[in-house]
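Copied over from Swiss-Prot, here are the features:
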BINDING   G81, R82, P83, L84, D85, T103, S104, A105, S106, S112  NAD(+) binding site
BINDING   D108, D157, H242  substrate binding site
BINDING   D157, H238, H256  Zn(2+) binding site
Amino acid sequence: MKKVERFEVPRTIIFGPGALEKTPEVIPPSGRVLIITGKSSTRKYAERVAELLKQNCEIISYDQVELEKPGFDLVIGIGGGRPLDMAKVYSYIHKKPFVAIPTSASHDGIASPYVSFSLTQRFSKYGKISSSPVAIIADTSIILSAPSRLLKAGIGDLLGKIIAVRDWQLAHRLKGEEYSEYAAHLSLTSYKIAVGNAQKIKNFIREEDVRVLVKALIGCGVAMGIAGSSRPCSGSEHLFAHAIEVRVEKEDEVVHGELVALGTIIMAYLHGINWRRIKRIADIIGLPTSLRQANIDVDLALEALTTAHTLRPDRYTILGDGLSREAAKRALEDVELI
């Protein structure tokens, strides 16, 4: 007899220009509301939401959140990855509903139940943090005003889905890991949307361009909710990105989606996938297609490639038990990243 499955996915998703003004239609009277936002530029959106809700709202920057402080009935994350992730952590700890209001679209965290690798490590005492947003409000006019580099990084994150699914299939065949055809299909559909629209949306000058990106990223979040893990959207390409992120002094030195795109090129080569096509798509979008363009030292990339498999020992990927330094260097040379 198969086990009972439980999916946690967003109940309400609204997106489009001016969607922020629809917030009261999505969030009914909820008691005390904690609004977690960025340090500066996104605070004005938090203030507007508080004004619209006409409720007892407390606005706080993501780096000032007191995670153990109770007393809120709803948590809203407004901003990029960090405010949304901290809202998920608070929601998970206190078992309160969480609403995501992204102001950028640089990765699939806008709809995912899960937080970044660094926060997973930092807050490991709380267990496997998972909090699917009950609602997502994506105002495309606001997201369109985000730096184009971050929006392009969102496409970079989507490119990685082909590797994540291939790694998942490999783990299913070789290790007997549970596999969801439905979740994998959703993730691959998001990848296909990115590839199929790359030329058209690459400059992100139209609301429609952002709409395509947001839809694809939300699809990834739903895929993870169905799978009950980040498996359909995070494989060896993400392990490579994480291995670099944990080694840089400041998080702002690198952009997650750009690293994922580079990792996708490398892992496509290892999988025997057409890495040249992926690299061409990345180039069309304007993503870095070499270590130099991404301002990544060769030794750092080699160290990341040879240790990435150790970051999540429970997650089998094409990296297996790890690459030797010689194999890692050959891969970087063959895909012309160096």
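Cβ from N, Cα, C; glycine included.
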Per 10 Å Cβ neighbour count, which of the binding-site residues S104, S106 ranks highest? S106
Using the CB centroid of D157, H238, H256 as the Zn(2+) site centre, which other residues of the same chain sit with their CB within 8 A? H107, D108, G156, G160, S234, E237, A241, G257, L259, V260
I need the least crowded one of these binding-site residues (D85, D108, D157), counting other C-beta atoms within 10 angstroms of each C-beta. D85
When you tally the Cβ atoms that lie within 10 Å of each candidate's Cβ, which of the binding-site residues (H238, H242, H256) has the highest tally? H238
List the residues of the same chain that sit at least 6 positions away from P83 (NAD(+) binding site) in sequence and have their Cβ under 8 Å from its Cβ, in sequence order, or write 'none'. I36, T37, G38, T42, Y62, G77
Within the same chain, and leaving aside D108, D157, H242, name every residue whose CB is within 8 angstroms of the centroid of the CB atoms belonging to the recorded substrate site, in sequence order. H107, G109, G160, C233, S234, H238, A241, H256, G257, V260
State the three-class DSSP label for S104 (NAD(+) binding site), counting H, G and I as helix, E and B as strand, and everything else as coil. coil
Expressed in Å to no decimal places, the gap between the Cα atoms of S106 (NAD(+) binding site) and D157 (substrate binding site) is 7
Can you tell me how far the Cα of S104 (NAD(+) binding site) sits from the Cα of H256 (Zn(2+) binding site), in Å? 13
G81 (NAD(+) binding site): which of the binding-site residues D108, D157, H238, H242 have a C-alpha within 10 angstroms of it? D108
Longest inter-residue Cα distance for the substrate binders D108, D157, H242, rounded to the nearest angstrom, is 15
NAD(+) site residues G81, R82, P83, L84, D85, T103, S104, A105, S106, S112: biggest Cα-Cα distance, Å? 15
Quick check for you: of the binding-site residues D85, D108, D157, which have their Cα within 10 Å of the Cα of H238 (Zn(2+) binding site)? D157
Going by C-alpha distance, which of the binding-site residues D108, D157, H242, H256 is nearest to D85 (NAD(+) binding site)? D108
Roughly how many Å separate the Cα of D157 (substrate binding site) from that of H256 (Zn(2+) binding site), to the nearest whole number? 8
